[in-house]
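Worksheet: the structure to be examined is printed underneath.
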Amino acid sequence: MDNLEELSGVISAVRFVGEEGFQILTVRDAQEQEVTLVAVCQPLNEGESVQARGTWGTHPKFGKQFKADRLITQIPQESKALGAYLASGKVAGIGPKFAARLVAHFGDGLRDVLGDEKALRAVSGIGKKKAVGIAASWNEYQEARDALIFLQGHGLGASRAMSVFRQLGQETIAKVSANPYRTLLKTRGIGFRIADAMAQSLGFELTHRDRLIAGLRHVVDARSASGHTLATSDELASEGAQLLGVDVARMASVVELLLAHGKLISVESGLVGLPSLVEAERTIATALLARAVLWNGCNLVRVNGELSDGRVLSDEQRQALEACLAYGVAVLTGGPGVGKTTVTEVLAQTLDDAGLELALCAPTGRASRRMSEATGRPASTIHRLLGAGASGFEFNASNPIEADVVIIDEASMVDVPLFLALVVALPDHCRLFIIGDQDQLASVGPGNILRDVIGSGAIPVARLQQIRRQGPGSQITVQAHAVNQGNSPQSVPDSDFEIVEVPEGGDPELVCRVTLRVATEDMLARGFDPLYEVQVLTPMHGGPVGTRALNEALRSYHVPGDRGSVTIHGRQWAPGDKIVQTENDYNRDVFNGDLGYVVTADAEDKTVLARFEDREVLFTSDALGKLQLAYAMTGHKAQGSEFPAVVIPLVRSHWHMLERQWLYTSLTRGKRRVVLVGHPSAIKRAVNHVTGQRRLTSLPLWLRQPALSVSPTHKGESYGQTSA
């Protein structure tokens, strides 16, 4: 249902112009009232008439405003109004004086000749060069305006329309009209459904070949985004038919078409996947199997069961260590508190004592820092180890890293593309040790590396199961194991774990208020710094207990009255704001999940200076969109990190996102204190709900049957493997 309202008027003031077309305008409407209009569109000027569709809202600082989803401009017809319009600088080469001369010469016919250089040269004082420049500028402006009107007229929002025009330029209308699927899907922020809606508006038939292909690719991409690297042909045909509203047989033929053209690859009968992911998993399997042999130098290593601080390895830990050291590749796995960190420390020391060059790494900056603290040795992110840059990785198969041993921690987080980049960059003699907890959340990206490797039976695995930490100061560990086994956690008095129950059926915002109190006043009373030592984790972004609402509430506590905040591109930034990077930024050497704090924000330069651990990073306006507030985060975003204290709100409104693996992972993020806040039924739901969807991947196939063939048209026996 379209709930958009309309606003028409004349721009009386341009109050702010930001990057990417963001503008704040004052518009005088038909009732001669001045209103604030916020839009992302082509540059606008005073005097322009606009027609906008959008919604009214109230900004916490700037008051009532109209946020435009679609906006078109109207060029004045009458000569005087057109002269004022041109005098604003809309067209290069025309200022106030020259605009007046044009109006005097052409009158109401001015609009018809602005793109005609010969006609313009009839005006006294205009030479050929100036006439050509004015005509070209006017025609470019007209092309942009026509393209934006065309795109918005077929349902595209103003912001996305601007993105498309920046990419296609003067060819926008022609290319989009010919094939909206091929053109629009190349634009960031435009997915299949938006492109399909425009195609329908343009009259494309439901069974158009390009629509069927684009729809099937969308289904494949959606499965990859859900972690799968494989699907059955029948699944793709069925999901594609449901998405597009066509019969399954028609979509089955499209699957065959993509197979024939190598856009999909068959791995045994009925199992297909994207060639890039299937081949990546095969390469990973080859690299692992080549190392899964007894290491010919193992007799050089002697295991010392006692650490320098007097700690002694248990029999289980010693056996795990010896099992790892016997092979060129091995996995060390186990839940929280079973001693993985201790074994990793001794593993690194033992290999170091043998004179081997070590490289320690983890998926995130915080995880690598914890690894460094635990082992007393340098550790880096996988990206930094591989020399990540804007053009790719410095180290690869042609230029391997210089290491005899690589140890990777928090391996459950690593997806197929990143693990592929790591294994191909290992020199042939390099050993690989993979450490992680397979019961934690799987990678956000495609694949299920850790669980697949462990479940294959083809790679040596050392399991630690005995809980080493017991007592009041270790209830986080005890309760996390209980949750992982399907048992409800129990609040233990005077311990590091507590449950604060909120009555069922009440206002969900009550949970938000209790969460705020627990994360600030209660934690402060217990000696924790609410800003630097406490992290709130929640399952969702939306709702009264989602990240957005919690961040707003927590920010009000930490930055009362917007103290020292400035506005850049409609967002407020203040010294001390807790932020998280949401995408890899190789130029600034900050990566997805890195946490930092705003040092200063400059509204004039549109820059933010932030501190990430021991260094400061300057973010210019084009990079600010990759930063989000991080007083509250999702459990997925916090994976790989540890915090002194964690607060986890759970409410019934998050019902579908409440899941055991998520809760288990979130609980294990807390180091010294964890508090669950919420409805008892929500906590019970999270413990009992195990996601039914299993990731379908090809890595187990390659690990068990390395000689298995793949082909775009291969029709072998059915053989598949799913992983939880």
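Every residue gets a Cβ built from N, Cα and C, even glycine.
According to TrEMBL, the feature ATP binding site maps to Gly337, Val338, Gly339, Lys340, Thr341. Lys340 (ATP binding site) falls within a helical segment according to DSSP. Annotation for Lys340 (ATP binding site): spatial neighbours Leu332, Thr333, Gly334, Ile435, Asp437, Leu464, criterion Cβ-Cβ under 8 Å with sequence separation of six or more.
According to TrEMBL, the domain 'ATP-dependent RecD2 DNA helicase OB-fold' annotation covers 5-76.
Per TrEMBL, domain 'ATP-dependent RecD2 DNA helicase-like helix-hairpin-helix' is recorded for 141-229.
In the domain 'ATP-dependent RecD2 DNA helicase SH3' (550-612), helix, strand and coil residues by DSSP number 12 helix, 26 strand, 25 coil. Residues or ranges marked as domain 'ATP-dependent RecD2 DNA helicase SH3' by TrEMBL: 550-612.
The annotation domain 'UvrD-like helicase C-terminal' is assigned in TrEMBL to 629-677. Confidence for the domain 'UvrD-like helicase C-terminal' (629-677), expressed as mean pLDDT, is 93.
Other Cβ atoms within 10 Å of the Cβ of Gly337 (ATP binding site) number 20 in total over all chains. The Cβ neighbour count for Gly339 (ATP binding site), using a 10 Å radius and every protein chain shown, is 23. Secondary structure of the domain 'ATP-dependent RecD2 DNA helicase-like helix-hairpin-helix' (141-229) per DSSP, as helix, strand and coil residue counts: 66 helix, 0 strand, 23 coil. Across the candidate stretches 5-76, 550-612, 629-677, the maximum count of CB pairs under 8 A to the domain 'ATP-dependent RecD2 DNA helicase-like helix-hairpin-helix' (141-229) is reached by 5-76. A 10 Å cutoff on Cβ-Cβ distances gives Thr341 (ATP binding site) a total of 17 other Cβ atoms nearby, all chains included.
The Cβ centroid of Gly337, Val338, Gly339, Lys340, Thr341 marks the ATP site; residues of that chain outside this set whose Cβ lies within 8 Å of it are Gly334, Gly335, Pro336, Thr342, Val343, Leu464, Arg468, given in sequence order.
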